[in-house]
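Enquirer: Have a look at the structure that comes next, please.
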Amino acid sequence: MTSVKVYGPGCKRCETTVDVVRDAAAKLGLEVEVEKVTDPKSIAMAGVMSTPGIAIDGTLVHAGGLPDKTKLEGWLSA
Amino acid sequence: MSTDFTHPSHPSRPDWLWHLGVVAALALWWMLYHQLAPLAEWITGLLPVERHSHTGEAIAFFLYDVPKVMMLLTLIVFVMGVVRSFFSPEKTRALLSGKREGVGNIFSAGLGILTPFCSCSAVPLFIGFVSAGVPLGVTFSFLIAAPMVNEVALVLLFGLVGWQVAATYLAFGLLIAIIAGFVIGKLHLEGWLQDWVRDIHSGASAPTQIEGDGMTMIERYRAGIEAVREIFGKVWLWILLGIAMGALIHGYVPEDFMVKIMGAEAWWSVPAAVLMGIPMYTNAAGVIPIVEALLGKGAALGTVLAFMMSVIALSLPEMIILKQVLTYRLIAVFIGIVGSGILAVGFLFNLIF
């Protein structure tokens, strides 16, 4: 089980990012648990300065804007 | 627009094809841009309306202005998208964290233009800066400049009102950001942050991160194209509506309609414009067509610029977002200082022009 955290205050792009992560995981046949983190304090503590940010199993892999699909699949399968 | 902390390579077309494509697109842009006026005239000529009637004037204006503004916007947003891919909030923070006030404020306002910024990440960005030791005043310079001085505002001012006004807006927008940030820094208001922000400030160390330096030129082009797609999705309707309104007003509202209310003679018009701007929340694209229409009808330049800066830089919804990290006292100081700066610009302009 891969745990994915999506950091963002709840703007539209953050919602889309969650969907994109789920789609990518489904495509790879991976079981993921996606958690949305909307509390500004937790976002800041995770070191995310531009949202949405993505952490996979505790490692921050992306911050700011929608992630590239190819790259996302790369991170998920790594 | 984004920072990725790993750098897998893109399966992509050969690089030279991309470079060639970008150069060809720029050349095409240049040729087309210089044909816009004759093209608009030619199309208007084909329509069954008298060229010099009200309707004819309005149509010719609309047919020329819409493609002109759209083309300028495409070019500048693309270029800025590519330029911004070299900057990231993380890198900007690293550049600013060692800076003292004064020089730091100037740097910070300048970087506010170049660093990708969206108001929904204002809070994490603010905390990220302050916790990494960027002085409070320097952080404010950034937060004022980033939304106020942006490429959409500048392109629209340039395309619809003229380069002099655009340049003036750029210069004074930066100046307000620098001075307001400097003053806030001098007041030493760190104690007026929300408690939990102060704790991060003194306790937690700033996370160190890998920067997005691994981007290839092709990925930067893609970032530029992505920026164009995103900005257009947000603003195209505003621009169309605004220019359409402008086209109508050009013919039908009396020339000196606004002079009495918003002319340079009425001193109270500047503070009124600033106050009116605070509860209004729109992006630059929404406010500039109004600006153009007001100017065309005799409103004074200073009053109109003050209105525009107030709408963009002092918006109520943004204050509500900032409430998470700032106390009311600090927000009040922020509004007071930035508001005074905007007032000064308004009065100064009405005096000079």
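Positions of Cβ are set from backbone N, Cα and C atoms, glycine also.
Automatic, uncurated: that is what TrEMBL annotation is.
Annotation comment: TrEMBL describes B:16-33, B:69-87, B:107-130, B:142-163, B:169-189, B:235-254, B:266-291, B:298-316, B:328-352 as transmembrane segment.
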Enquirer: With an 8 Å cut-off on Cβ pairs and a sequence gap of 6 or more, do the transmembrane segment (B:69-87) and the transmembrane segment (B:328-352) reach 3 or more such pairs?
Expert: no
Enquirer: Counting CB pairs under 8 Å, which listed stretch among B:107-130, B:142-163, B:169-189 touches the transmembrane segment (B:328-352) the most?
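Expert: Answer, by Cβ pair count: B:169-189.
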Enquirer: How about long-range neighbours of the transmembrane segment (B:142-163): same chain, 6 or more residues beyond its ends, C-beta under 8 Å?
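Expert: Same-chain contacts beyond the ends: 65, 68-69, 72-73, 76-77, 80, 92, 96, 108-113, 115, 117, 119, 122, 125-126, 129, 169-170, 173-174, 176-178, 180-181, 231, 235, 239, 243, 246, 283-285, 288-289, 291-292, 295, 308-309, 312-313, 318, 338.
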